Amino acid sequence: MADFAGPSSAGRKAGAPRCSRKAAGTKQTSTLKQEDASKRKAELEAAVRKKIEFERKALHIVEQLLEENITEEFLMECGRFITPAHYSDVVDERSIVKLCGYPLCQKKLGIVPKQKYKISTKTNKVYDITERKSFCSNFCYQASKFFEAQIPKTPVWVREEERHPDFQLLKEEQSGHSGEEVQLCSKAIKTSDIDNPSHFEKQYESSSSSTHSDSSSDNEQDFVSSILPGNRPNSTNIRPQLHQKSIMKKKAGHKANSKHKDKEQTVVDVTEQLGDCKLDSQEKDATCELPLQKVNTQSSSNSTLPERLKASENSESEYSRSEITLVGISKKSAEHFKRKFAKSNQVSRSVSSSVQVCPEVGKRNLLKVLKETLIEWKTEETLRFLYGQNYASVCLKPEASLVKEELDEDDIISDPDSHFPAWRESQNSLDESLPFRGSGTAIKPLPSYENLKKETEKLNLRIREFYRGRYVLGEETTKSQDSEEHDSTFPLIDSSSQNQIRKRIVLEKLSKVLPGLLVPLQITLGDIYTQLKNLVRTFRLTNRNIIHKPAEWTLIAMVLLSLLTPILGIQKHSQEGMVFTRFLDTLLEELHLKNEDLESLTIIFRTSCLPE
């Protein structure tokens with residue numbers, strides 16, 4: 001038993017140091033892991049503190065850039081410790097406090113536009129001015145964008161190992177631009193762009209970058225012509241079609257190729273000959289027609305009639321499928337058009353100078369228009385208002401007496417329409433002198449004497465039957481009552497009456513001119529407004545004779561005021577009347593008119609038939 005117990009106890013003693021070694025190894029690894037974790041934690045904390053410190057420094061720089069009197073050296077030094085986001089915050093904060101967004105500018109923002117886009121008539125482009133609103137000028141906007149593009153986009157806490165950029169500032173001599181251009185339409189794709197897509201991308205990038213260099217003082221660009229495929233929608237399918245055609249042509253043989261080349265050569269020759277023609281040269285028309293006739297004669301001599309028809313159809317199809325399409329204008333033709341426009345401008349200037357040299361033509365036209373207007377305005381009511389209510393009876397009395405002396409007893413029985421021409425002419429003389437006759441002034445023809453006699457007999461018969469008790473009220477009375485009820489119409493209200501609207505327009509135009517003319521008379525517009533309104537009510541106004549220029553309204557006001565002065569009690573030889581006359585003379589001289597011209601307008605309302 002003792003023998004068996006010895007080795008087991010020895011094994012236990014040998015296993016004890018192994019366990020202790022394992023425990024010591026685990027303790028060492030755990031301590032190493034703890035040290036690494038603490039070290040990483042310390043490094044992470046240091047990195048976070050560094051990041052926070054750099055962010056705090058960047059925010060402090062942003063606050064400093066909000067102040068005024070920023071120098072160029074300080075701005076370039078600050079660019080090393082901020083990002084583009086920080087700089088955009090500077091621009092926004094400065095615009096909020098009504099300062100220009102460019103830190104070097106000390107000006108304040110004025111009236112900020114509310115719209116989002118701006119159309120530039122100089123560059124014919126549309127700009128997004130959302131960012132431009134934060135700056136006082138186009139130069140400050142471009143200078144700010146120029147500086148912002150140089151700021152590194154990397155985080156500020158990893159720039160210690162990087163090379164600091166050399167900042168440059170935009171000089172004041174360089175011009176700015178209005179904002180970010182809005183691409184309204186994409187550029188047309190050419191066949192060369194399909195073959196070389198990288199070249200097209202470079203062109204697109206250069207065109208997009210060139211939009212930022214558009215200045216507010218850009219000059220007009222020259223027109224340039226370009227050659228594009230004639231069929232734009234099918235431009236992508238041109239190359240496979242050409243490939244298939246080439247295969248078919250190889251199979252068909254060289255004969256078809258030679259014919260096709262000959263037709264293309266004739267088309268090219270014709271286009272070259274047409275290119276020699278000009279729009280303004282009539283001498284070269286014959287020279288342009290002769291080569292065309294030669295081409296036609298050659299084709300007709302070499303082919304029969306059906307072949308010529310086929311050739312014409314093929315040529316038309318070639319023109320429809322041709323790859324030559326002019327877009328824009330070449331520089332040569334642009335210069336030609338500029339010369340033509342310069343000639344037209346010279347012609348227009350010569351015409352304007354001739355008008356200035358001959359003011360008599362304009363004066364004659366002005367007086368003609370005013371005479372036509374005043375003649376159309378004048379009515380019998382106008383003359384009654386100016387010369388009294390018995391104006392018409394006084395004028396018609398002598399003519400009526402002459403008519404009565406010529407009448408006999410037999411003339412009373414006959415038709416009066418054939419025996420009263422003088423009376424009717426005298427009654428319609430004023431209306432016939434006008435260029436038109438309104439429906440209100442038209443006079444109905446007088447009924448014949450026989451018809452009047454028959455109507456009186458019928459009325460007497462009805463009266464007798466009524467008193468005898470035989471007359472019965474029939475359907476005629478009810479019909480007349482129904483017709484009266486049906487025909488009753490209401491007059492138009494002032495807001496919808498065209499005549500009232502026209503009178504209001506005339507009064508408004510005269511009210512703007514008259515206050516200056518009433519100064520010599522020492523009266524106000526309110527003193528004569530009632531008489532003026534009553535005078536305008538008598539006019540015959542249309543939609544055409546109330547449209548005049550300011551100078552014409554001034555002359556019309558002078559005519560009407562000279563007509564109203566007797567009604568207002570202002571005598572011509574009084575002191576006020578003499579002052580008013582001198583004032584009108586000076587005013588007419590400024591309008592290059594004479595007193596006789598004003599008298600020729602006022603005489604339209606004068607008449608020889610005055611009341612006794």
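Including glycine, each Cβ sits where the backbone N, Cα and C put it.
Feature annotation from Swiss-Prot assigns region 'Disordered' to 1-38, 193-267, 295-317. For Ala2, the entry in Swiss-Prot reads N-acetylalanine. Feature annotation from Swiss-Prot assigns phosphoserine to Ser9, Ser216, Ser433, Ser480. Sequence annotations record features per position, and here Swiss-Prot assigns coiled coil to 33-68 based on sequence analysis. Positions annotated as zinc finger by Swiss-Prot, on the basis of sequence analysis: 77-160. Residues or ranges marked as Zn(2+) binding site in Swiss-Prot (evidence: sequence analysis): Cys100, Cys105, Cys136, Cys140. The compositional bias 'Basic and acidic residues' feature in Swiss-Prot is assigned to 193-204, 307-317. According to Swiss-Prot, the feature compositional bias 'Low complexity' maps to 206-218. The annotation compositional bias 'Basic residues' is assigned in Swiss-Prot to 246-258. The annotation compositional bias 'Polar residues' is assigned in Swiss-Prot to 295-305.
Of all Cβ atoms in the shown protein chains, 21 besides its own fall within 10 Å of the Cβ of Cys140 (Zn(2+) binding site). Close to Cys105 (Zn(2+) binding site) in the fold, though at least 6 residues off in sequence, lie Phe135, Cys136, Cys140, each with a CB less than 8 Å from its CB. Per-residue confidence over the zinc finger (77-160) averages 88 (mean pLDDT, predicted model). Neighbouring residues of the recorded Zn(2+) site, listed in sequence order and excluding Cys100, Cys105, Cys136, Cys140, comprise Leu99, Gly101, Tyr102, Lys107, Leu109, Phe135, Ser137, Phe139 (Cβ within 8 Å of the Cβ centroid). Across the zinc finger (77-160), DSSP assigns 34 helix, 10 strand, 40 coil. For the binding-site residues shown (Cys100, Cys136), fewest C-beta neighbours within 10 angstroms: Cys136.
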